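Some features that Swiss-Prot has for this protein:
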ACT_SITE  D86  active site
ACT_SITE  E179  active site, proton acceptor
BINDING   H84, D146, D202  Zn(2+) 1 binding site
BINDING   D146, E180, H385  Zn(2+) 2 binding site
Amino acid sequence: MISQIDKTELLERFLHYVSFHTQSKPNAKHSPSSVGQMKLAMQLQKELIQFGLENVEVSKYAVVTAFLPANDPNLTKTIGLVAHLDTSPQCSGKNVRLEVIEEYRGGDIALGIGEEFISPVYYSFMQKLVGQTLIVTDGTTLLGADNKAGIAEIMTALSILQKENIPHCNIRVAFTPDEEIGLGIHYFPMEKFSCDWAYTIDGGEVGELEYENFNAATAKVRFFGRNIHTGYAKGKMLNALTLACEFQQVFPVDEVPEKTDGKAGFYHLEDFFGDIEQVELTYLIRDFDEQNFAQRKAFIKNQVEKFNAKKGLKKPIELEIQDSYQNMYDVVKNVPQSIELADRAMKAVGIKPNHKPIRGGTDGAFLASKGLACPNIFTGGYNFHSKHELVSLQGMENTVQVIIEMLKCKDL
């Protein structure tokens, strides 16, 4: 058994990491896409060295890697732990101002002095958090629990393992940049992360264990128009904005994120940018089933062809589709120990595992494409990518307990 986790130390570590502005930039051509990610990477390198880890390195892409050898000759497995440095570009992560709510009593939580609030009317999970310590923002930025809670939990677990000399297997650690924009993992040094399997610590509610995720692609559709003075435009103007609006109407109205859950896929119009002369629509394509995923991509291709044939445009609309990541399950299913170990660890600390698909992606999906099984473990956070993001300190403590229990590698 480990001694009780010092919640104050865990909280302070998390708050310190949140102070780094690490928001990624979607259109970046290099990684890391923001300076703050490298600054946080250097801070983590310093701490990992202090903890006594070996081969602690930061690449020019801000990928942090480190190794902690087993302290028990009977524990021969090598387990990896992964979290990402960046925060989502969908909501500002600069100058995060926090509030720590001790012993949440239920009801609405006012965020700062503005009109933003978090309510159990909209977020029913809040009823489960009564009595816990919650960390929220002032309602002007996201929190950054995704994924700095995961970083803090990994670092706290490593600190405890070393302080208390708890028997553990070989441990690989990696902190990656630009997970939110799908860029950083492309520069991941697999040769420095040799392990039997790994876990991303990037999930949400306590108990979550995820090893299925969307197949994902991004489609960009470009429209070209012709601008003329509006007073003399009859028969001459071609409005690319109007063309784009018309094209958007061909998509099934119920196959969107706000109307789907579980394993249902969707199309998501993520961005609409341009003017009369040129417009670009950006769509996210998501589906768990590989065949359905292929059909979704084919649907967009067919609609572009039909639209061009119908309009007879001098400059036809253009389509570019790029795959982002694949469902990790095809790899994880061949390493069932990765799921069994996480299950046992949760049960050992009194947590009921909740197996569920990820309606998104993690670095684990990219690692799986390289042949490394990498399920996802909860962090205790909620409402990621939004001003309503929050994390439970008790949930974070639970994650630390599960990480330590997994690294004991019992019965493997």
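For all residues, glycine too, the Cβ spot is worked out from N, Cα and C.
Where Swiss-Prot records a feature, it is marked here on the structure.
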| residue | record | contacts (Cβ under 8 Å, 6+ apart) |
| --- | --- | --- |
| H84 | Zn(2+) 1 binding site | N147, G150, F175, T176, P177, D178, E179, E180, G184, D202, D363 |
| D86 | active site | T22, Q23, S24, P32, S33, S34, Q37, N147, P177, D178, E179, E180, I181, G184 |
| D146 | Zn(2+) 1 binding site | T87, S88, D202, T379, G381, F384, H385, E389 |
Zn(2+) 2 site, defined by D146, E180, H385: further same-chain residues with Cβ within 8 Å of the Cβ centre: D86, T87, S88, Q90, L142, N147, F384
Reduced DSSP assignment, the residue listed as 'active site, proton acceptor': helix
Where H385 (Zn(2+) 2 binding site) sits in the secondary structure, as DSSP reduces it to three classes: coil
All-chain count of other Cβ atoms within 10 Å of H385 (Zn(2+) 2 binding site): 16
